[in-house]
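Everything on this sheet refers to the single structure shown next.
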Ligand code: IPM
Ligand code: MG
């Protein structure tokens, strides 16, 4: 089993190091190969997704990814910015199904900005389509406005679009995920305004006929944003497009107390996947040794489960994480009164001790 390790920028290298440490502490040894990506890729070879990095990602059984991005690259042309690395990997490897679980650990209810009774026991799963939508739709760019009130003025434009097979495949993934959980699926769209969304909704309804055991409901994205803070526990699985999923998954993550706790998986149709924390590169705290490595460690657990078929090892890591929380270990983002405040490396050590 070969794992491509792509630490990236900001806190990426620090947190990935801890996840690698945890993987190396398991009984089974994996072949780990590291390569630069994002700003680090740009520094190494002039492109955020160097060819050798992409080749490694393609040849590996799974990819463990840190985070990309740093303000110092903001002035680069779009094609060279660090974000293009993750977008490129998702597209080149056809990682269309993004799983973003939002779980509120009992020990961390106090860390949420919402009242404890609203978030305690929260366990929702956002399934975000990752290969289409306005993120990748062509045409896009800058042009002279061809019509309307501002005809002739400069305008920026993007295209929201979804092809039927694209919606069908994410629908199946989401229904199957719901079957393994509470069997409730909420499809989030903006069908009251957007053609793409009405099309999405019609297909969701069609696919639902193959999953009579799953209860499908629909919600407009603005309402979903509101319900997520009002009554988040009413959700089980949420399926949505790339753009809405980007926004709602950050919102859902924050319900749990810290985005520093949440892993994610991006899978292709054969369950090969890229695993990364839901959070970003946090350049403001990079190198300080205070970042929370748990989201990345939990991403490694998801990798063992979904792509490497090592369910038992995945369980071991997840149990170890729960144990360190019970023992009171906390990084800066999740500090609570009377906790044992630790840095990135100590948190990794605590997980290994708990293993
Ligand atoms: C995410 C991030 C990315 C996205 C960025 C870094 C391109 O926000 O994974 O949610 O927008 O998908
Ligand atoms: Mg995002």
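Placed from the backbone N, Cα and C atoms, the Cβ positions cover glycine too.
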Exercise. Per TrEMBL, which one of 100, 140 shares the substrate site with 90, 128, 222?
Worked result: 100
For this session: Could you list, ordered by sequence, which of these recorded positions: 190, 222, 246, 280, 286, 292, have a Cβ under 6 Å from ligand 2?
Result: 246
Exercise. What Cα-Cα separation, expressed in whole Å, is found between residue 222 (substrate binding site) and residue 190 (site 'Important for catalysis')?
Worked result: 8
Exercise. Looking at the recorded positions 190, 280, 284, 290, whose Cα is closest in space to that of residue 90 (substrate binding site)?
Worked result: 280
Exercise. Which state, by DSSP, holds residue 90 (substrate binding site): helix, strand or coil?
Worked result: helix
Exercise. Along the domain 'Isopropylmalate dehydrogenase-like' (2-351), what average pLDDT does this model show?
Worked result: 96
Problem set entry | Whole-number Å value for how far residue 100 (substrate binding site) lies from residue 190 (site 'Important for catalysis') (Cα to Cα) | 21
